[in-house]
Amino acid sequence: MAAPVIETCHVACCANKTPNVVSWSRGGTIAFGTCNSVALYDPQEKRVVAVLNGHAGRVNAVQWVHREDCALESYLVSGGSDNRLILWEAQNEKFIQSVECKGHTAPICAVDAIYVEGSKILVASSASDSTVRLWLCNENKEAECLHIISFGSGFMMDVSLALLPGSRVPVLACGGDDSRVHLYVQSNGQQFQKAMSLQGHEDWVRGVAWASVGGELLLASCSQDCLIRVWRLCAKSGTDTRTKDDHTIIKMKEDVFEVRDRDVSSVFAVSLETVLAGHENWVYGVHWQHPFYKGGELQQPLSLLSASMDKTMILWAPEEGSGVWVEQVHVGEVGGNTLGFYGCQISPDGSMIVAHAFHGALHLWCKDQDKEGEWRPGVVISGHFSAVQDLSWDPEGEFILSVGSDQTTRLFTPWRQEDGKLATWHEISRPQIHGYDMQCLAMIGRFQFVSGADEKVLRVFQAPRNFVENFANISGTSREKLLTSSDSANLPEGASTPALGLSNKAVFQGDLAPKTTEGKEQFNSISDQYQESYFHPLNMTEPPPEDHLLQNTLWPEVQKLYGHGFEMFCLASDSARTVVASACKASKAEHAAVLLWSTATWRQLQTLPCHTLTVTQMAFSPDAQLLLAVSRDRTWSLWRRNLPTPESPEPQFSLHAHTGKDTAVHTRIIWSCDWSPDSKYFVTSSRDKKVIVWGPCRLEDTEDSVPPPEIKPRSSVLDVGDAATAVAFCPVFCSDNRYTHIHTQSHMKAYFLCTMAKS
């Protein structure tokens with residue numbers, strides 16, 4: 001029998017919180033660092049097409065190696081917190097690790113690369129070790145460190161490489177914390193010598209970028225002084241350098257430097273072209289539009305994009321008549337409580353621009369084809385910017401909810417477009433934006449969930465009417481059917497969070513109308529002057545951009561559950577959606593008890609004491625008759641649902657089986673557990689590298705759910721070679737009556753194991 005094929009359906013991720021981590025290729029692919037990987041994202045198909053794994057630390061800088069003939073890129077360079085520089089090469093439509101450069105002693109923060117001789121690539125990298133290193137990578141996949149530039153106790157925030165006009169001599173620009181732009185040129189093909197320092201900025205220089213225009217170079221530099229400076233570098237002939245000054249012509253001051261290459265001396269001059277003032281906060285990134293061939297000649301569009309901490313991007317260009325640089329486009333967020341942009345990129349054809357924000361979100365704008373000069377937000381990938389801690393499927397399997405250490409709960413669903421394009425997954429709602437790191441969640445019904453964070457309270461959320469309507473539009477589901485199933489008569493329109501609160505407050509239709517009396521606003525109290533509702537109903541036919549996700553897609557909180565003494569750790573709900581089990585962090589038995597809650601009344605039903613340390617995961621059996629809990633104390637416990645009685649109609653559970661110090665097979669913390677689809681076996685995975693299948697938990701010849709007398713390991717202990725942090729049974733059987741694939745995940749590894757025959 002052929003092994004089942006597992007294909008990646010969707011990757012939800014965001015850019016790392018570093019300035020130089022996004023780069024746009026001529027082929028249209030956006031490469032960005034996400035955690036320890038490099039993601040390749042196609043903005044046209046709206047999906048991640050590849051994930052490059054090679055770094056052992058966070059990826060801080062990514063840059064495509066652009067070809068001089070404007071052909072598609074074959075190489076990509078990345079630098080990370082593991083102090084390593086990796087050159088990726090395209091082979092058979094896939095990128096593989098080609099060259100690794102080791103030498104930096106601290107995290108790399110900026111990279112750039114150009115072709116110098118044939119297929120040789122010159123790479124520049126800046127790191128927190130106060131050095132900039134130049135590497136030469138040849139076709140034999142070998143890297144040579146040509147030169148190390150030390151800046152003492154200073155740091156270079158960005159680097160950019162180009163070739164001097166009319167020559168093959170590389171010039172390196174470095175912008176750093178001394179408020180200067182330093183220029184270095186290569187001497188005789190090896191060492192780099194300092195040519196000059198460009199002064200003018202009054203704060204740290206955050207970004208530098210070269211562009212070649214008409215036989216000259218333009219260098220854009222941006223700074224924390226909120227300004228952008230454009231410098232012009234051009235070659236000087238022998239007569240130009242000694243001509244008398246013509247006092248009738250106003251010229252900018254020129255700084256001259258000499259370059260010797262193969263015994264040939266050339267003189268170049270650098271002058272300030274313009275200063276661009278338009279941002280109101282630190283400018284972190286600048287990017288020139290890619291050059292292109294037109295009529296057999298290489299054309300460099302004079303379009304410069306800048307991104308700032310004021311949450312805006314500006315596209316600059318000189319006016320046709322005067323040549324004065326002015327704003328062409330100004331886009332971004334208004335208001336909100338987020339920080340600004342770390343960097344920006346222009347698409348090769350200039351029709352799209354993208355920025356990445358402090359919290360990793362990508363912001364995409366597209367040129368409106370119908371309205372000249374106008375831009376509109378576009379659909380782009382999104383995801384958690386810190387560790388994902390838990391996720392849960394909608395009971396109907398149409399969307400996924402996830403929670404993470406970035407203090408958010410996010411909802412992802414396929415976007416089914418009317419034009420018949422292949423459905424792509426997107427984040428369409430951010431139900432909870434919290435003040436604590438999120439740890440766990442459980443779905444309870446179609447549009448209701450309970451979540452737990454690093455606090456002692458559980459919070460219950462219900463979808464508002466606006467979400468249900470937009471979910472129907474985007475997913476292609478019947479709106480009437482969804483509203484009928486969710487009791488639409490009592491649903492609020494949306495939700496908002498008070499300025500100093502953690503609870504999402506429901507916003508009803510009446511709350512949306514402004515309170516006016518005879519045309520004049522009347523305030524009954526101080527709080528009326530400052531409205532807490534920032535929610536505005538949306539009619540969405542496509543996934544919303546980041547600013548709408550932050551403000552207009554919250555779910556109202558309908559209940560708080562109190563009972564635990566420490567921060568929440570895990571949650572589980574049964575298949576009937578009648579009971580929720582919760583557990584918190586614990587170092588004593590009194591706090592390690594599992595609490596059961598009724599989803600009908602949200603009353604605490606029962607306390608289940610057994611473990612002595614934190615319960616790390618719980619799982620109800622598919623038939624909802626058994627509850628399994630695994631713990632940091634290296635044991636598991638199994639609880640059986642009692643038959644209902646007239647005196648006790650609500651669900652009650654009693655302890656049926658558990659392991660102790662003498663019967664525990666696991667010798668370290670048990671991280672995860674799951675049930676077989678027939679509720680007969682369960683599996684546990686542990687830090688001791690073991691995965692164990694236990695059972696049977698029900699008799700084979702009867703539908704009675706009473707467990708048999710002894711539950712013990714039913715297979716050989718599986719040693720997966722590393723700490724097994726997650727495990728799951730496939731919810732369906734193989735055609736040959738086998739339980740299919742236990743999936744265990746350990747750090748960056750995954751295992752798919754066929755376990756045992758069904759009978």
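Glycine is treated like the rest: Cβ placed from N, Cα and C.
For the repeat 'WD' (52-98), the model's pLDDT averages out at 94. Marked as repeat 'WD' by TrEMBL: 52-98 (among others).
Summarising the annotation, TrEMBL assigns repeat 'WD' to 198-233 (among others). Under 8 Å from some Cβ of the repeat 'WD' (198-233) lie the Cβ atoms of residues 19-20, 157-166, 171, 173-177, 179-183, 255, 268-277, 279-288, 291, 298, 300, 302, 304, 306, 308, 316, 325, 343, all in the same chain and six or more residues away from its ends.
Look at TrEMBL and you will find 381-412 (among others) tagged as repeat 'WD'. Beyond its flanks by at least six residues, the repeat 'WD' (381-412) meets 10-14, 16-17, 34, 41, 46-48, 359-362, 425-443, 445-446, 449, 451, 453, 461, 471, 475, 477, 546, 549, 570-571, 577 of its own chain at Cβ-Cβ distances under 8 Å.
The repeat 'WD' annotation in TrEMBL covers 608-639 (among others).
Residues 616-623, 625-626, 628-632, 634-636, 638, 700, 705, 711-715, 717-733, 739, 742, 744, 746, 753, 755-756, 758 of the same chain lie 6 or more positions beyond the ends of the repeat 'WD' (663-694) yet place their CB under 8 Å from a CB of it. Per TrEMBL, repeat 'WD' is recorded for 663-694 (among others).
Nonlocal intrachain contacts for the repeat 'WD' (608-639), taken as residues 6+ away from its ends with a CB within less than 8 angstroms of a stretch CB, comprise 569-576, 578-579, 581, 583-590, 592-596, 653-661, 664, 666-675, 677-679, 682, 684, 686, 694, 697, 705, 707, 711, 731. In the repeat 'WD' (608-639), helix, strand and coil residues by DSSP number 0 helix, 17 strand, 15 coil.
Break the repeat 'WD' (52-98) down by DSSP state and the numbers are 0 helix, 27 strand, 20 coil.
Secondary structure counts, DSSP: the repeat 'WD' (198-233) has 0 helix, 25 strand, 11 coil.
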